[in-house]
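Asks: From TrEMBL, for reference:
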type: BINDING; residues: Lys339; note: ATP binding site
type: COMPBIAS; residues: 220-231; note: compositional bias 'Low complexity'
type: DOMAIN; residues: 311-454; note: domain 'Protein kinase'
type: REGION; residues: 220-240; note: region 'Disordered'
type: SIGNAL; residues: 1-29; note: signal peptide
type: TRANSMEM; residues: 244-269; note: transmembrane segment
Amino acid sequence: MPMWPSPMKCQRILFYSVMLLFSSARIHCAISSDGEALLSFKTMIVGSDGIFLHWRQEDPDPCNWKGVTCDTHTKRVIYLSLANHKLIGSLAPEIGKLNRLKLLSLHGNSLYGTIPPELGNCTDLQQLYLQGNYLSGIIPLEFGNLLELETLDISSNALSGSIPSSLAKLTKLKSFNASMNFLTGTIPSDGALFRFTENSFVGNRGLCGKQVGIECKDGSLSPSANSESPSPGSPPSRKNSTKLVISAVATIGALLLVALMCFWGCFLYKKFGKGDIGGLAVDVSGGASIVMFHGDLPYSSKDILKKLETLNDENIIGSGGFGTVYKLSMDDGNNFALKRITKTNDGLDRLFDRELEILGSIKHRYLVNLRGYCNSPLSKLLLYDYLPGGSLDEALHERSEQLDWDARLNIIMGAAKGLAYLHHDCSPRIIHRDIKSSNILLDGNLEARVSDLD
Ligand SMILES: Nc1ncnc2c1ncn2[C@@H]1O[C@H](COP(=O)(O)OP(=O)(O)OP(=O)(O)O)[C@@H](O)[C@H]1O
Ligand SMILES: [Mg+2]
């Protein structure tokens, strides 16, 4: 006689089976199909700014994920906005499963690889922004299925091949941009693409058609603005070979000219260039005169000129809006700063000299001492006392630890006293007109000296 389980046992088995079924169903329905598609999309993205942080498998749907918007009733994804999020990677074909998508914006990222043809399944798409990536390959023919499309921007990528004629079907297209790619061939002239102008296609050197004003030859993919170019396979005409010779001769001529100019440039550089760029030998060689103030320096003009000749790039200690500053070290160990101002206008020269005379006559504890100047045909060389502390600007930005509050206060007081002297005690009064931290220099004890009164 067969042994039947008791009714009690039957009930328990039924209960466990239902529970098992229920729980497996729960696992299976962990996330919606759109969520799954987005997770596949995410898998192919190998870098981002962290936008995917809360895209989690455990969620029932992706509707609260960053960049995702769902329809409130159907919970289907309608917008995917991930522009400018530093996405690096390729586009997963699963994106085509988001077939209720109305907007897809992925522009301004670093997406590479091809555009999946599956995107053509997203037939509700109205806005498609893929510009500013590194997408390559062709524009999928399947884009012709996106009949709701109003905006298509695939500009600034590396797309090649021709623009599919299927795009002519996109009658709702209001904005189309395929510029800055490597597209070739004829732009479909019938249907939707006809009304777009050159702006939509610029930066594709291989496109031809009415929109870009370049005539296409015999339906060949390579465009030609010149109706005389031969069709493939046909022997070059006599006219063309003449053209070829002319262009070859012109190229060789141009190359020779460039070589000659380089040669001439090198020659000039060797002769004068070095001096112009860094050395002062050129400045003082053609009859320079020295004017010294205060008369307390133990050097003759000849000594100074000799020293000036030795200055070059290695002696540069700074440069500003008016010229380069060199450190001039005399044999007895004294240092000076030499500002070299390139001459622009001879007429202003006399005025300049007069001003320098005035400035040279001023001496004050908180002003940089102008010791003299050298008038050369090429430049004006101003000789100042050398301030080992450099400028306040450098001290504040490069050695700020050196400046405690006492030092800062002391510098402010010094600079103020220097300016007060110029404004109140000089006759005629002198207005600085360019007071700034780089024009307040510091001596070895971090005492301020106002500079550039000129
Ligand atoms: N007498 C000096 N002693 C030591 N260093 C100096 C002296 N004069 C200038 N320098 C250095 O040369 C740098 C450039 O000075 P310069 O006056 O040519 O330019 P600037 O003050 O930055 O700008 P601007 O041309 O507007 O005055 C200064 O920042 C400073 O480091
Ligand atoms: Mg200055």
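Glycine is treated like the rest: Cβ placed from N, Cα and C.
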Asks: Is it possible to get the count of other C-beta atoms within 10 angstroms of the C-beta of Lys339 (ATP binding site)?
Replies: 23
Asks: Using DSSP reduced to three states, classify the residue listed as 'ATP binding site' as helix, strand or coil.
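Replies: Where the residue listed as 'ATP binding site' sits, the three-state DSSP reduction gives strand.
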Asks: Within the domain 'Protein kinase' (311-454), how many residues are helix, strand or coil going by DSSP?
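Replies: Residue counts for the domain 'Protein kinase' (311-454) by secondary structure: 53 helix, 40 strand, 51 coil.
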